[in-house]
Amino acid sequence: MTVKVAINGYGTIGKRVADAVSVQEDMEIIGVAKTRPNFEAFMAKKKGYDVFAPEDRIKGMEKANLEVEGSIDDMLERADVIVDCTPGGIGEKNKPIYEKAGVKAIWQGGEDHELAGCSFNAQSNYEEALGRDFVRVVSCNTTGLCRVIKPLDDEFGVNKARVTLMRRAADPADIKKGPINAIVPNPIKLPSHHGPDVKTVLPDIDIATTAVKLPTTLMHLHTINMELNSECTAEEVEALLAKQSRVRFVGQGITSTAEVMEMARDMNRPRSDMWENCVWNESITIYEGELYFFQGIHQESDVIPENVDAIRAVMEVEKDGTKSVAKTNKAMGI
Ligand SMILES: NC(=O)C1=CN([C@@H]2O[C@H](COP(=O)(O)OP(=O)(O)OC[C@H]3O[C@@H](n4cnc5c(N)ncnc54)[C@H](OP(=O)(O)O)[C@@H]3O)[C@@H](O)[C@H]2O)C=CC1
Ligand SMILES: O=C(OP(=O)(O)O)[C@H](O)COP(=O)(O)O
């Protein structure tokens, strides 16, 4: 079976999900929806994607010489599953349209957990999403946290996790957000929403997070501190994280997020994406019985393989999460 996938919202996340789906053997893109005839819409056409638009936007698109296949309802008629990559809060409004069309939907981390009732991270809770109509792939930061907390909890038991998130202020193409010369405690009320968000995937983890926004566009950086239930060495933690397919160790002169992104460019990754958590293995330390390490998260791309796995889970084309992760990784080159 080839799963027919539609994308609603072809921005930072949507365009990457479209390309990642296109390289999988068991799924295909049947259309992407745009609201404006901007360069991204023309690029989507150039790549061979059928472009759809809300009914009231079609005329404007055609006036700009962008050929539109039909409305979002038309796109839903052709799809088995829709990946909603519209800005946070907009996706919620689309739920009735998807329900009416009887199409499964996957939302992103900008929406609340309650919208889908199932928050997803492939390595943490794939099986929970099997056959569901609605799933939410958790945000970039939450994805990055789940990817390391889950294996550490399985192996050593996580008694408590305390994380400081230094967040990029905006994506590289975003001209609207700041700050450009300040460090902003955000959210100001503590702890931040990221800890509760991890608990939507891993409910038994004691986690608290704080977050600030920094004037950078490249990546988020996490300082992770955990109390583990069993005694272990830094070497044992390093060996465990080395086995995780979506965790990459960085060293060899990489001392910053800028150099991680340069490496992604050198790797000829599409859009210089870094789909894996980037852990500085040199930072992995056990100090007075507690674990510490740094990891970088490429906000624009770490959730992309997770969306591919979420499609397989809701469509039940692969019942085993480990196998889905392996298929996704192989097709994308992770
Ligand atoms: N960027 C990031 O770092 C990450 C984002 N996320 C989450 O992914 C989701 C999407 O974010 P992101 O890709 O950054 O957003 P973008 O703003 O980059 O893209 C959003 C897309 O949605 C379209 N859109 C805008 N308004 C509407 C609307 N009213 N109805 C339908 N489509 C609309 C836009 O199309 P058009 O230009 O045609 O209007 C655009 O293609 C959010 O939930 C976000 O929280 C998750 C992880 C990381
Ligand atoms: O999901 C994200 O971040 P978050 O995990 O801090 O909510 C993305 O980086 C988008 O964040 P934004 O809402 O600052 O654009």
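The backbone N, Cα and C atoms fix where each Cβ goes, glycine too.
Bear in mind that TrEMBL entries carry predicted annotations, made automatically and left uncurated.
Between the candidates Gly70, Gly110, Gly117, TrEMBL assigns the NAD(+) site shared with Thr12, Ile13, Arg168, Gln299 to Gly110. Cα-Cα distances to Gly110 (NAD(+) binding site) place Ser139 within 10 Å, out of the binding-site residues Ser139, Asn141, His194, Gly195. Max Cα-Cα distance over the annotated NAD(+) binders (Thr12, Ile13, Gly110, Arg168, Gln299) is 16 Å. Per Cα geometry, Gln299 is the residue among the binding-site residues Thr12, Ile13, Arg168, Gln299 nearest to Cys140 (D-glyceraldehyde 3-phosphate binding site). Confidence in the domain 'Glyceraldehyde 3-phosphate dehydrogenase NAD(P) binding' (3-140), given as mean pLDDT, stands at 98. Farthest C-alpha pair in the D-glyceraldehyde 3-phosphate-binding residues Ser139, Cys140, Asn141, His194, Gly195: 13 Å apart.
In this structure, the CA atom of Gln299 (NAD(+) binding site) is 7 Å away from the CA atom of Asn141 (D-glyceraldehyde 3-phosphate binding site). Considering only the binding-site residues Ser139, Asn141, His194, Gly195, Arg168 (NAD(+) binding site) has Asn141 as its nearest partner by CA-CA distance.
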